[in-house]
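Visitor: Dumping what TrEMBL says about this protein:
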COMPBIAS  1-10  compositional bias 'Polar residues'
COMPBIAS  25-35  compositional bias 'Polar residues'
DOMAIN    63-270  domain 'Alpha/beta-hydrolase N-terminal'
DOMAIN    287-574  domain 'Alpha/beta-hydrolase catalytic'
REGION    1-35  region 'Disordered'
TRANSMEM  42-61  transmembrane segment
TRANSMEM  73-100  transmembrane segment
TRANSMEM  112-135  transmembrane segment
TRANSMEM  155-174  transmembrane segment
TRANSMEM  195-219  transmembrane segment
Amino acid sequence: MSGMDSATRTDASDEAAPAADESVETSGSGETAAPKTTRNAWWVRHYTFTGSAVGLIFLWFSMTPSLLPRGPLFQGLVSGISGAIGYGLGVFAVWLVRYMRSQDDSPPPPRWVWPPLITVGGVGIVLMAIWFHFWQDDVRDLMGIVHLKWYDYPLTAVVSLIVLFAFVEVGQFIRRLFSFLVRQLDRIAPFRLSATIVVVLLVTLTITVLNGVVLKFAMHSMNSTFASVNDELDPNSAPPNTALRSGGPQSLVSWESLGHQGRVFVEGGPSRADLTAFNGSPATEPIRAYAGLNSANGIIATAELAARELQRTGGLQRAVVAVATTTGTGWINEAEASALEYMYNGNTAIVSMQYSYLPSWLSFLVDKENARQAGQALFEAVDKLIRQMPEFQRPKLVVFGESLGSFGGEAPFMNLNNILARTDGALFSGPTFNNTVWTELTANRDPGSPEWLPIYDDGYNLRFIARASDLQRPDAPWGKPRVVYLQHASDPIAWWTPDLLFSEPDWLREKRGYDVLPQTRWIPLVTFLQVSADMEVAVDVPDGHGHRYVSNVANGWAAVLSPPGWTPQKTERLRPLLRAN
């Protein structure tokens, strides 16, 4: 096999139209003249028909509704990437058929099919942009969000096409590089061996560059950036003047080592005056103990330091001790902490620790094991101290966490029964697909209950809620201890999973949740991209939707603990207070 033949075979596009249309002219003398050549339009030479057709279909599908409202730039990015994936799948499908039939190339489609494709594609984009307008208005109405401007919709289409062409051009460059390398190797090796070697070479080179250069540089840059944010001291912030807060007088933890979110946490919460005014009786100063990433060397040491700090403040003598697992940056949902303090008029102690300074989405990728270890180490350290006390003197022990904090908060427990045996209650909000206990409970839900709001074991010790009224599902008595999971039907953090790529989830097979459009459908690959994009804007929605858990926290804690003297009327008064703060 000659190098020229193999080069021709390698360069043959899966569906590229011929470079020229040739017609033969005959002179009057009967001699054959040179063929007359007419070049095809640039897009016919540059793009494949099947790839373009499949790419357009994917672009259309990407404009269908998902969980949350999206703006034109974000939607354009999702649509462009979806279209590029569709284009690649179309090209790959034709290549696979040709490969299985042992064909070096395939006949190109006639030139006349391109104008109809371009026309249908353009009309389809316009129509889908119009439907996108209606769907966006509907989902924004469900969540009480203002509508997009009229010009946002054509902008979405323009951004989609720009992103699509950009990604396809990158793919074209890779294809040309592949063809060039195969041609060089084809001179000394069979074609299929050459192609295999080049694929392995390119994949290895890509992974090496990404891991050794790009990823290393990106992680170094992000570590430096977020470490600076974590260490930066707010000039308007000062250490507490009470020994009941970490970083204050007699504290085992320095103010500087708490980290940004740790300092926010120990400074925050209702004051004694706030609690007294709300409950109408003299309040106790709440205790907040915290150890930062820089407070000790390693997760175990930090957890033990936080537990000793809790003990130093007298937290073990309070009515309730709450172990809070943070998100990646060390953040704690202030509503979950404050609600507990209001309900017990300050007779509480909350202890937590930082295990990372990276945002949750990044911690989820690189620090997930740290979240699990931190949740387990902190609970074990606090539980050990409490179990050393006489049983009649022990405080109530509860756990809570949001998002990645709920994942870490579950870590000390093998299952629901273990939570019930070792605590006096738990409140987890916005769980992730990696939450092992939550995943098991959802998978084993009672028949007839939907995935987005399950019922487990007739709700005897456990309730899943999206709204306060869901605490009455089912209408049956509660046992104790109690566990509550707060999860919204529109929360992409809760419903994102790699399985969305090729498997339809139950929450899209079943009746939709209260804030998810009935028109939302599962589309292979596309739904995965849509929900992935939704995660980026998960908190940019009002309370009660997406990944925003604020006012319903009051109802959750009231149900879990039934605090003495607490009434439903107080819960209703507390809800707007939590939103305001």
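Each residue, glycine too, has its Cβ placed from N, Cα and C.
Note that the coordinates shown come from a computational prediction; the quantities given were computed from them, not determined experimentally.
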Visitor: Taking residues 6+ outside the transmembrane segment (155-174), which of them lie with a CB under 8 Å of any CB in it?
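Guide: Apart from its flanks, the transmembrane segment (155-174) reaches 46-47, 51, 55, 59, 62-63, 72-73, 75-77, 79-81, 83-84, 87-88, 91, 125-126, 129, 132, 202.
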Visitor: Who are the chain neighbours of the transmembrane segment (73-100) in space, where the CB to CB distance is under 8 Å and they lie at least 6 residues beyond its ends?
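Guide: Those are 14-15, 48, 50-59, 61-63, 106, 132, 155-164, 166-168, 171, 525-526, 529-530, 533, 536-537, in sequence order.
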Visitor: Counting only residues 6 or more past its boundaries, what in the same chain has a CB within less than 8 Å of a CB in the transmembrane segment (112-135)?
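Guide: The answer is 17, 41, 43-44, 49, 52-53, 56, 59-60, 63-65, 75, 148, 153-154, 156-157, 160-161, 517, 519.
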Visitor: For the domain 'Alpha/beta-hydrolase N-terminal' (63-270), what's the model's average pLDDT?
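Guide: When the pLDDT values over the domain 'Alpha/beta-hydrolase N-terminal' (63-270) are averaged, the result is 85.
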